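> One structure is given below, represented as structure tokens, and several questions about it will come after.
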Amino acid sequence: MSPMSGLRQQLKMLGTALLGKRATKSVKKKPFTEVEIKDLRTAFDLLDRNRDGRVTANELQFMLKNLGINVSDELIHDLIREASHSGNGLINEAEFLQWVGRIQALRDEQHSHEDSKDSKPVDEADDVTEDLIAAFRVFDRDGNGFITRDELQTAMEMIGEPLNEQQLEQLLVIADLDQDGRINYEEFTRLLL
């Protein structure tokens with residue numbers, strides 16, 4: 001299995017969970033497929049940095065920051081409070097799955113409303129581009145537009161796919177087309193697509 005396999009899907013699911021509209025109203029949810037549940041569990045594991053089975057406000061804020069999204073402490077605490085049924089400021093895996101389900105239902109509802117209003121299909125290419133940019137930001141930790149060897153290694157560890165030196169070197173040889181020792185956005189997208 002390639003170290004990059006599933007990364008885009010994992011980040012897309014995480015992005016849906018973190019960037020969707022706040023899910024406060026009652027909406028009709030579609031049940032998740034087995035693949036979606038697996039991906040959501042992976043996304044939860046990405047958030048749960050200390051592996052205690054719960055996501056804290058700090059863990060959520062850390063991931064958002066790595067996605068290039070700066071949000072206030074107040075918004076982070078609102079998101080956690082909204083998702084946590086126990087009111088303890090922590091989200092367990094079951095609460096996370098329910099929360100994402102509500103967010104997806106809201107997104108589906110919003111897309112269907114926009115489609116009926118504009119009579120335009122949802123442009124999937126825009127979704128892919130947004131996913132790729134979010135994924136690139138996770139890897140490009142210093143935001144300089146390039147993924148260095150160290151950033152690649154750190155990001156792969158963060159998503160639960162640690163690489164040994166040989167695997168890291170192989171990935172860089174494959175991805176670094178201009179052989180400048182770092183991966184730019186174009187090289188990154190070619191690697192994932």
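Cβ coordinates are placed from backbone N, Cα and C, and glycine is handled just like the others.
Feature list, courtesy of Swiss-Prot:
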BINDING   ASP48, ASN50, ASP52, ARG54, GLU59  Ca(2+) 1 binding site
BINDING   ASP140, ASP142, ASN144, GLU151  Ca(2+) 2 binding site
BINDING   ASP176, ASP178, ASP180, ARG182, GLU187  Ca(2+) 3 binding site
DOMAIN    35-70  domain 'EF-hand 1'
DOMAIN    71-106  domain 'EF-hand 2'
DOMAIN    127-162  domain 'EF-hand 3'
DOMAIN    163-193  domain 'EF-hand 4'
> Between GLU59, ASP178, GLU187, which of the binding-site residues has its C-beta surrounded by the fewest other C-beta atoms within 10 Å?
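Among the binding-site residues GLU59, ASP178, GLU187, the lowest count of other Cβ atoms within 10 Å belongs to ASP178.
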> Which residues, in sequence order, are found in the same chain with Cβ within 8 Å of the centroid defined by the Cβ atoms of ASP176, ASP178, ASP180, ARG182, GLU187 at the Ca(2+) 3 site, excluding those residues themselves?
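So the extra residues in range turn out to be PHE146, ALA175, LEU177, GLN179, GLY181, ILE183, ASN184.
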> Other Cβ atoms within 10 Å is the metric here; tell me which of the binding-site residues ASP48, ASP140, ASP142, GLU151 scores highest.
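It comes out as ASP140.
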> For the recorded Ca(2+) 1 site, enumerate neighbouring residues of the same chain (Cβ within 8 Å of the Cβ centroid of ASP48, ASN50, ASP52, ARG54, GLU59, site residues themselves excluded), in sequence order.
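Output for this site, in sequence order: LEU47, ARG49, ARG51, GLY53, VAL55, THR56, LEU90.
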> In the domain 'EF-hand 3' (127-162), how many residues does DSSP assign to helix, to strand and to coil?
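Each residue of the domain 'EF-hand 3' (127-162) counted once, the result is 23 helix, 2 strand, 11 coil.
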> Of all the binding-site residues here, ASP52, ASP176, ASP180, which one's CB has the most other CB atoms within 10 A?
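Going through ASP52, ASP176, ASP180 one by one, the largest Cβ count within 10 Å is at ASP176.
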> Taking the centroid of the Cβ atoms of ASP140, ASP142, ASN144, GLU151 (Ca(2+) 2 site), which other same-chain residues have Cβ within 8 Å of it?
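These residues sit around the Ca(2+) 2 site: PHE139, ARG141, GLY143, GLY145, PHE146, ILE147, THR148.
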> Show which residues of the chain containing ARG182 (Ca(2+) 3 binding site), separated from it by at least 6 in sequence, have their CB under 8 Å from its CB.
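Correct list: PHE146, ILE147, THR148, ARG149, ASP176.
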> Can you tell me which binding-site residues out of ASP48, ASP52, ASP142 are within 10 A of ASP180 (Ca(2+) 3 binding site) by Cα, answering none if there aren't any?
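Within 10 Å of ASP180 (Ca(2+) 3 binding site): none of them.
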> Report the nearest neighbour of ASN50 (Ca(2+) 1 binding site) in space among the binding-site residues ASP140, ASP142, GLU151, ASP178, GLU187, comparing Cα positions.
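Comparing Cα positions, the candidate nearest ASN50 (Ca(2+) 1 binding site) turns out to be GLU151.
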> If we check Cα distances from ASN144 (Ca(2+) 2 binding site), which of the binding-site residues ASP48, ASP52, GLU59, ASP178, GLU187 wins as closest?
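Spatially nearest to ASN144 (Ca(2+) 2 binding site) by Cα position is GLU187.
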> I need the CA-to-CA distance for GLU187 (Ca(2+) 3 binding site) versus ASP52 (Ca(2+) 1 binding site), whole Å please.
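Cα to Cα, GLU187 (Ca(2+) 3 binding site) and ASP52 (Ca(2+) 1 binding site) are separated by 36 Å.
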> Calculate the per-residue pLDDT averaged over the domain 'EF-hand 1' (35-70) and state the result as an integer.
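The answer is 77, the mean pLDDT of the model over that range.
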> Same chain only, sequence gap of 6 or more: which residues have a CB within under 8 Å of the CB of ARG54 (Ca(2+) 1 binding site)?
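Sequence-distant Cβ neighbours: ASP48, LEU90, ILE91, ASN92.
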